[in-house]
Amino acid sequence: MEWLEGLSTKSPLRHRTAKSSLSKIHACSTQSKSKEMGALMSKFWFILFPAKEYKIVVVGLDNAGKTTTLYKLHLGEVVTTHPTVGSNVEELVYKNIRFEVWDLGGQERLRTSWATYYRGTHAVIVVIDSTDRARISLMKDELFRLLPHEDLQHAVIMVFANKQDLKDAMTPAEVTDALSLHSIKDHDWHIQACSALTGEGLLDGLGWIAQRVTGKAPS
């Protein structure tokens, strides 16, 4: 069975002497203390020298997969979601880079309030339902409405072409054309194929954001 592949069956278990057992216990105790000391020092370091936190806002139409994307990145798992009313906010740490991520509701009555969250934003994630061909032009209108906002002048734009796990999904090239991304001149932008359900492509997109906002490749 696959889950047994990592277990060794080459030799039988042997009784260990009391001395070797005590030595092992002492070693484990020492390692445990070292880990505790390291965690404590790390905590003090962040108190004394707090890491800069970068703000991301996540936008998109309702049912695009914004909340699923956020919690797949945050928890590494798919959670049961409901239409976001207002916003969700979580802190993500990616390769020692801290992000404050705001997931904004995508229903029509909520989209008019997106701008109230833009202040201090370093990156915008636009989540696209790649199967929703009927409303892609509506998201294009929303995208070009937010781009000129004064609080987003220096923000980079990451477009997640979501739901690539579905057979009728538009390709990233199709999404690029439908959103007229090549006409964006005043912002760095990138489109990333992804599936919020499987997680494929999400870290690639976050890595691109990290490199752009910090000015260096994350280590």
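Easy rule for this one: first residue shown is 1, then count along the chain.
Using N, Cα and C of the backbone, Cβ positions are placed for all residues, glycine too.
Owing to the predicted nature of the structure, the values given are computational and were not obtained by experimental measurement.
Lifted from TrEMBL, the feature list:
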BINDING   GLY60, LEU61, ASP62, ASN63, ALA64, GLY65, LYS66, THR67, GLY106, ASN162, LYS163, GLN164, ASP165  GTP binding site
BINDING   THR67, THR84  Mg(2+) binding site
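Under 8 Å, Cβ to Cβ, and six or more positions away along its own chain, ASP165 (GTP binding site) finds SER195, LEU197, THR198, GLU200.
Residues GLY60, LEU61, ASP62, ASN63, ALA64, GLY65, LYS66, THR67, GLY106, ASN162, LYS163, GLN164, ASP165, recorded as binding GTP, reach a greatest CA to CA spacing of 22 Å.
Of all the Cβ atoms in the protein chains shown, 23 others lie within 10 Å of the Cβ of THR67 (Mg(2+) binding site). Calculated from their C-alpha atoms, the gap between GLY60 (GTP binding site) and THR67 (Mg(2+) binding site) amounts to 10 Å. Note: the CA-CA distance between THR67 (Mg(2+) binding site) and GLY106 (GTP binding site) rounds to 10 Å.
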